[in-house]
């Protein structure tokens, strides 16, 4: 980076600073005001019931109070091509056609449960009732799913059946095979299977949530103990951690090899993972040799990479240990920094909640659109209409058989035409605000830890509340700079979302050049996003120290930070998560004899295990992210210290005594800090 001009009064983060990147600050405020306006408009026009509850052919909700169908239950779609969907109290449970039911009073009484309110019984001819769409042409046995009736398709000995029959009458005198219903209900069956899986997972959570919380508490306690030990035994802890990770990986390699060898010759163990496909019961995969071979290869590669890194980076590890020791001291004087990620997490949850609710209300803010449907030729066919005035309009006079029926949810106003633009703005603002919250957390921690480093007499020269002081400076002076950095990152992330959307739409396309170009763009923007995140992090540290604007801070920031400490922190997270994960595995699979009867019965034991592992990682990451920010800040301050000072009485080093010893630096004529 560019060395700063020497200032004999410099003692850490500059307090006499001014506002930076004011234009971006104004843009952020205006964007937030616009975002609030979009949210209010969406909440005014939107109706989330459209996502949850079905509607009939008139667009009226089924089973909702205050609607004409408030006493009805699911919606029963007609299998015939006519646009007819009716709210019913229960799904049909038998095959029946209206033509056959119209001649049987008992059958007709059952059939009228699936007709519209306008149906008056057998006063009209059967064909007239069907043409007026007052009743469906036929009924088939159905089951309720997501408040809708779907054909009750089942397979018996490989034969597709609906209601124990392989054929059905379509209501117009034609006999059809039930396989014709299969394509229409295929997605419904996928939803049904997904729902059953979700219900089993929910059951597992209801019986294991107590033990999951205990596992997460163990992870939090382990992380705290680890950090406390780093505070006093950083050097020993790092080497013990490295050795333990190597031993754990070694044990994993041995265990995988033994399982791989044990399955040799067993029936079904040589089936490939691709032939087996996805199975909800993960225990099936443990009976395949290919699974253990994959585990064996992955662990061997990890073991080799870690050993090689230790061989070639042993000198850098010593500097990293010194930085970790210094970071431990800094965190010891700013203990509130360990809880600060909770504040960032809370603000991110608010951003996610606002984005999700606004997206739902925007997507459900379309109005019911009614169109003219008719059997004979009519010049008004397909035009929009209003059910309230349709019977008195000229359409019924010129086209007696025309009807005004619900077509879809949409709208022709300016608001409805620009809904896609509002959804895009919603996504963009979510990325901008989320990145701003993360940036605010980073610059706050950087300012607090920089106050520690540049205090010549630690902690006497530190402010009383360094974290709150840094937070206040960031909001008061550098909201614009944080908005600038987060805006650049948000633009790149939105472009990546657009590329992912295009990639999803082009999956069925056969243009290989377009797919190749899209893959290249996705890769480039992924790299660009990583680089901007790295650049922003360094720039925020310089902003916290010197109070310069974003561009100046990014230009003066050091291009490469010490990544050895990141590797050591990764090993620490791996050790904590691995230990808690192994403990959870042995507990929930009932392999610990002392508590074998305590473990709850589960449908899928991987549900609580994965929850504990993911939760443990997030907890460990929250603690170690503070350490990571502290080390990066101290490292940048350390390099700035070397550039500004030479150890003389006029320009003494601010680094700690341990760092000076490691680098063979001394302060002449000054007592050690």
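Cβ coordinates are placed from backbone N, Cα and C, and glycine is handled just like the others.
A TrEMBL annotation is a machine prediction, not a hand-curated record.
According to TrEMBL, the transmembrane segment annotation covers 21-43 (among others). When Cβ-Cβ distances below 8 Å are used as the criterion, the transmembrane segment (21-43) is approached by residues 354, 357-358, 361-362, 365, 415, 422, 425-426, 429, 432-433, 436, 478-481, 483-484, 487, 549-550 of the same chain, each at least six residues removed from its ends.
Annotation comment: TrEMBL describes 55-77 as region 'Disordered'.
The transmembrane segment annotation in TrEMBL covers 209-229 (among others).
Under the heading transmembrane segment, TrEMBL lists 236-254 (among others).
Taken from TrEMBL, the feature transmembrane segment covers 292-313 (among others).
Same-chain residues lying 6 or more positions outside the transmembrane segment (334-356) and placing a CB less than 8 Å from one of its CB atoms are 39, 227, 426-427, 429-430, 433-434, 437-438, 440-441, 444-445, 448-449, 452, 466-467, 622-623, 625-626, 630. According to TrEMBL, the feature transmembrane segment maps to 334-356 (among others).
Positions annotated as transmembrane segment by TrEMBL: 429-456 (among others). Remote same-chain residues near the transmembrane segment (429-456) are listed as 10-13, 28, 31-32, 35, 326-327, 329-330, 333-334, 337, 340-341, 343-344, 347-348, 351-352, 354-355, 462-463, 466-467, 469-471, 473-475, 478, 482-483, 485-487, 489-490, 493-494, 536-537, 540-541, 543-545, 626, 629-630, 632-634, 637-638, 641, 652, 654-655, 673 (criterion: CB distance under 8 Å, separation of at least six residues from the stretch ends).
TrEMBL lists 477-499 (among others) with the feature transmembrane segment. Distant neighbours of the transmembrane segment (477-499): 17-28, 424, 427-428, 431-433, 435-436, 438-440, 443, 518, 521-522, 525-526, 528-529, 532-533, 536, 539-540, 543, 547, 549-551, 553-554; these residues of the same chain sit at least 6 beyond its ends, with a Cβ under 8 Å from one of its Cβ atoms.
Cβ atoms under 8 Å from those of the transmembrane segment (540-561) belong to residues 1-2, 4, 12-14, 17-18, 20-21, 24, 439, 442-444, 446-447, 450, 454, 470, 473-474, 477-478, 480-482, 484-485, 632-633, 635-637, 639-640 of the same chain, restricted to positions at least 6 beyond its ends. The transmembrane segment annotation in TrEMBL covers 540-561 (among others).
Residues or ranges marked as transmembrane segment by TrEMBL: 567-590 (among others).
Positions annotated as transmembrane segment by TrEMBL: 602-624 (among others).
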Segment-segment contact (the transmembrane segment (602-624); the transmembrane segment (209-229)) at 3 or more Cβ pairs under 8 Å: yes
The transmembrane segment (236-254) versus listed stretches 209-229, 292-313, 567-590: most Cβ pairs under 8 Å: 292-313
Distal contacts, the transmembrane segment (292-313) - CB-CB under 8 A, six or more residues away: 242, 245-246, 249-250, 252-253, 256-257, 259-260, 263, 273, 286, 564, 567, 571
